């Protein structure tokens, strides 16, 4: 992550010049300038590599009114400024002896010259700045899960999984090991540090873990990860999806998100004298996330389908609690081999989220707990799924919203998470999600037809 933009008054920064040199060295002939809209969809404009210097010194202009959640047509001129630290060569070639590169961009208003308040990457930058004002650096490590499905004869996605494997299975049950290997090769060529990959619990479900990094670089990596997984799966005639629950009555896909704060180079979450090896800072950070969890859910689990995953019985968290060992809790404190690895794991985000907005919401919520010195409730070490309502009330355990509408209601009542998003993103996000939930409510599903059409 760079401190400053590469855009200068006619000259190139050293980092931008290094990218120009690498473009020439690696025979890159096209560049994809990438950014993300409010809903988390990656957008891009392609330019010839010969225009790279101009992109760095002048930016690339585009019509922001055509991007969901950006601006109205009468204020539509926007400018992309590439971040040179994000340059990577894409792991596929359209022809021999040439390559395409990728740069992630920040979005600016042309009228004011200021960062665009609706740019999700800018939203996360503001959250990081808030942490830095308190003396903290934020590290994040996500675990995005995905499904691989067969394509039909027309190349369209089906819900037929490409294998019948289960958790940690090997071939022949796991038929996607070669696909995962190719994905890993592609990711590594783009600078990812891969820790492990494996078949997940559900048929056709997979996970590839990459190491933690600062929050902005990690959000960039999530956006890149999803694009690379889809592209390489397609080369194997498979469709990769990060939809949280594509098949009913089996485990859905989550994106467990590990977070830690560092201060002066030391892990601020570690306290070796504590029963759980957690500092007061860590406990207050956990308390902040628990306090704002209903509102965060709207951002971290942003689709109607997300709430088909967030039900008891399929290893997805539903109850607002934390534990040092229990995976039925919303937040878990994983075992750490070293003090530097101390962290907390938020288990409720899913991979359909906009990573920039989800990380920003989690950071703001946690820091709110730290600033207020919130007390963390006692950990719950029992299986919360087995609690009845009376026992949950005894423990003071509340539940996450049961649907997208309830989550958006919670977001509209939570000033901290609204502040995390900023006025523009909050307004446009709520507008989009209200519309999505309304569309869902008026639709008639196949389940309803199967259940009622011949009964009544």
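Even glycines carry a Cβ here, placed using N, Cα and C.
Record features (Swiss-Prot):
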type: BINDING; residues: 143, 256, 345; note: Mg(2+) 1 binding site
type: BINDING; residues: 145, 200, 207; note: Mg(2+) 2 binding site
type: BINDING; residues: 195, 258, 259, 260, 327, 332; note: ATP binding site
type: BINDING; residues: 251, 252, 309, 315, 327, 347; note: L-glutamate binding site
type: DOMAIN; residues: 26-113; note: domain 'GS beta-grasp'
type: DOMAIN; residues: 120-456; note: domain 'GS catalytic'
type: SITE; residues: 72; note: site 'Important for inhibition by glutamine'
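Here the domain 'GS catalytic' (120-456) returns a mean pLDDT of 92 for the predicted model. In the domain 'GS beta-grasp' (26-113), helix, strand and coil residues by DSSP number 19 helix, 39 strand, 30 coil. For residue 145 (Mg(2+) 2 binding site), the spatially nearest entry among the binding-site residues 195, 256, 260, 315 is 256, judged by CA separation. For the binding-site residues 200, 309, 347, a Cα-Cα cutoff of 10 angstroms around residue 256 (Mg(2+) 1 binding site) retains 347. Geometry remark: residue 315 (L-glutamate binding site) versus residue 195 (ATP binding site), CA distance 23 Å. Among the binding-site residues listed here, namely 207, 251, 252, 309, 347, 347 has its C-alpha nearest to that of residue 259 (ATP binding site). Of all the binding-site residues given, namely 143, 200, 251, 252, 345, 347, those whose Cα is no farther than the 10 Å limit from the Cα of residue 258 (ATP binding site) are 143, 345, 347. DSSP gives residue 143 (Mg(2+) 1 binding site) a strand state.
Between the alpha carbons (Cα) of residue 143 (Mg(2+) 1 binding site) and residue 207 (Mg(2+) 2 binding site) lies a span of roughly 7 Å. Within 10 Å of residue 200 (Mg(2+) 2 binding site), counting C-alpha to C-alpha distances, fall none of the binding-site residues 260, 327, 345, 347. Taking the mean position of the Cβ atoms of 143, 256, 345 as the Mg(2+) 1 site, the remaining residues of that chain whose Cβ falls within 8 Å of it are 141, 142, 254, 255, 257, 258, 334, 346, 347.
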